[in-house]
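As recorded in TrEMBL, the features of this protein are as follows:
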TRANSMEM  110-128  transmembrane segment
TRANSMEM  163-185  transmembrane segment
TRANSMEM  197-224  transmembrane segment
TRANSMEM  244-261  transmembrane segment
TRANSMEM  273-294  transmembrane segment
TRANSMEM  365-388  transmembrane segment
TRANSMEM  400-422  transmembrane segment
TRANSMEM  428-446  transmembrane segment
TRANSMEM  458-486  transmembrane segment
DOMAIN    514-636  domain 'STAS'
Amino acid sequence: MEVPNSKNKTMISVEIGMEVHKVEAPPHISSLKKLKTRLKETFFPDDPLRQFKGQSAKKKWILGAQYALPILKWGPEYSLKSFKSDIVAGLTIASLAIPQGISYAKLANLPPIVGLYSSFVPPLIYAVLGSSRDLAVGPVSIASLVMGSMLRQQVNPVTEQVLFLQLAFTSTFFAGLFQASLGFLRLGFIIDFLSKATLIGFMAGAAIIVSLQQLKGLLGITHFTKKMGLVPVISSVFRETNEWSWQTILMGFCFLVFLLVTRHISIKKPKLFWISAGAPLLSVILSTLFVFAFKAQDHGVSVIGKLEKGLNPLSWNMLQFHGSHLGLVIKTGLITGILSLTEGIAVGRTFAALKNYQVDGNKEMIAIGLMNVVGSTTSCYVTTGAFSRSAVNHNAGAKSAVSNIVMSVTVMVTLLFLMPLFRYTPNVVLGAIIVTAVIGLIDLPAAYQIWKIDKFDFIVMLCAFLGVILISVQEGLAIAVGISVLKVLLQITRPKIVMLGNIPGSDIFRNIHQYKEAAKIPGFLILSIEAPINFANITYLNDRISRWIEDCEAEDKTQKQCALQFVILDLSAVSAIDTSGVSFFKDIRRVLDKKSLEAMNPIGEVMEKLLRSDDANDLMRPDTLFLTVGEAVTMLMSTMKHHV
């Protein structure tokens, strides 16, 4: 049978004789089994216990030990060839970790030696518990900046150095406790609220703030603002021009150019990764020799000063779990824990994808969390997997976490025997190292890609960026997360609903705004709801469908077409429904008492709830359910043949 197209004079082919399939009700599943399935999919989507099925008791104990300690899984298969590669990679990242550790500790307003402590113990813990082969563990710029800026709001790191150190270690403890708890309780989905757009904007803003903070060392300024915003920093720089030191500026400019050039070479030619990896340590050595030889510390160039030799002292007695600063350390630990955990897991998964192996997110949370808990008791502050060091580790040919052990041993040797050599290291070089490291966090191609794909995501990214550089790091992050959550709420409360039309010459129905050839069928209003139906969106759905019906009836009168007789709702994309959604269907059926409301292919859970609520047997009658839109139109068309 053929009916006129409502858009033009062409005809739409409808097979009246085609078979109409019955919509089957879903099999009965007990509520307890549903709850069990839902909990399993929420907390155990990877089904970690499947490897134990059908195994002997002895094998289960072995698998359990390997699951808890991944080193027991890859350790027995470790070869001498892999060890040679890991030694090279470990020594390479150590040459980067030593100057970065000192630099990032100063960024966090901590003694430089703490940065080296944090590059010694945590990598050893991660090597035993971590599942990534490429992650290089140590302090990172963003977490260092956030910790330093948050604690400095209430405690002066210069006049109250011991208290500041106590709060830093306590914040690290809470960061690790939070991270490990997410892993043990399998609540890793919480960090998913930091979307890619949020992270790109946040990282770029934080990179600029970190770089601006280094102007203090690069210009030789003594009195510098404690605020983190763009305006206060720039104002402080130009207000203290009398403190600028040309010797410091010249040295800083030379080493900054050197580091940026080596970074550019390694980006253009990845095989020359060792150039940028060794450049920071070479800069430290050359600048230290220069200061020592020419007594530059007597001419306005500030230096690190004396660093104590020896391994990490225990700091468990410095943890503060009471007092007026408890709220501050918990808040600082929570924020730095989320940031470092997000960065570490993202970096680990990035390099795992390049080498085609899997990284267990929950294991990573536990590993990163426990290494921070242990680190807080051994004079370390918050650490995670850094992208720059991990990239060097990957390019250097690391085969396993043994490269972290090699790096840790190298740092240990430095702590025991080489600390006096850093006495004359100028702070300006540390600033140049930090600037070079954080520049890589500004990802302009990714920002442009977000602009092309999703303008709302670009706004989220822009808000994170501007919030960080204009207000503060933590407020900027909070604003970006808030906007991301608002976007999710808008998607929930304003679900997508589209009108479907027929593709001429077929029984296929598609969105009429996407497919220009799709045509409406006279007498039919076919709508597709493409989201779960719940209490948050039923008012919008009711209003939108009612408005569509009114517009359709007005259009039919204007064009003198067949009056609207059937409303078909395509529910194939509705994944869930609650009691409010069920009431919505009942209400809309009462409103359409003079028109037929048909439901097309509701999925299992949706159909089950609609059937349970249909006490009067008028909501889900078999003659109102169809498997496809084409079958619905075919069946209903036969009841209105006299209109054609």
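Just so you know, glycine gets a Cβ as well, placed from its N, Cα and C.
Two recorded stretches are said to be in contact when at least 3 C-beta pairs lie under 8 angstroms, sequence spacing 6 or more; the transmembrane segment (197-224) and the transmembrane segment (400-422) fall short of this definition.
When the stretches 163-185, 428-446, 458-486 are ranked by Cβ pairs under 8 Å to the transmembrane segment (273-294), first place goes to 428-446. In terms of C-beta pairs under 8 Å, the stretch of 110-128, 163-185, 428-446 lying closest in packing to the transmembrane segment (400-422) is 110-128. By the Cβ criterion (under 8 Å, sequence separation of 6 or more), the transmembrane segment (365-388) is not in contact with the transmembrane segment (458-486), since fewer than 3 such pairs are found. Across the domain 'STAS' (514-636), DSSP classifies residues as 56 helix, 21 strand, 46 coil. Proximity of distant same-chain residues to the transmembrane segment (110-128), defined by a Cβ-Cβ separation under 8 Å and at least 6 residues beyond the stretch ends, is recorded for 69-71, 97-98, 100-104, 135-139, 148, 157, 161, 164-165, 168, 304, 307-308, 311-312, 367-368, 370-372, 374-375, 378-381, 383, 385, 401-402, 404-405, 407-408, 411-412, 414-415, 419, 422.
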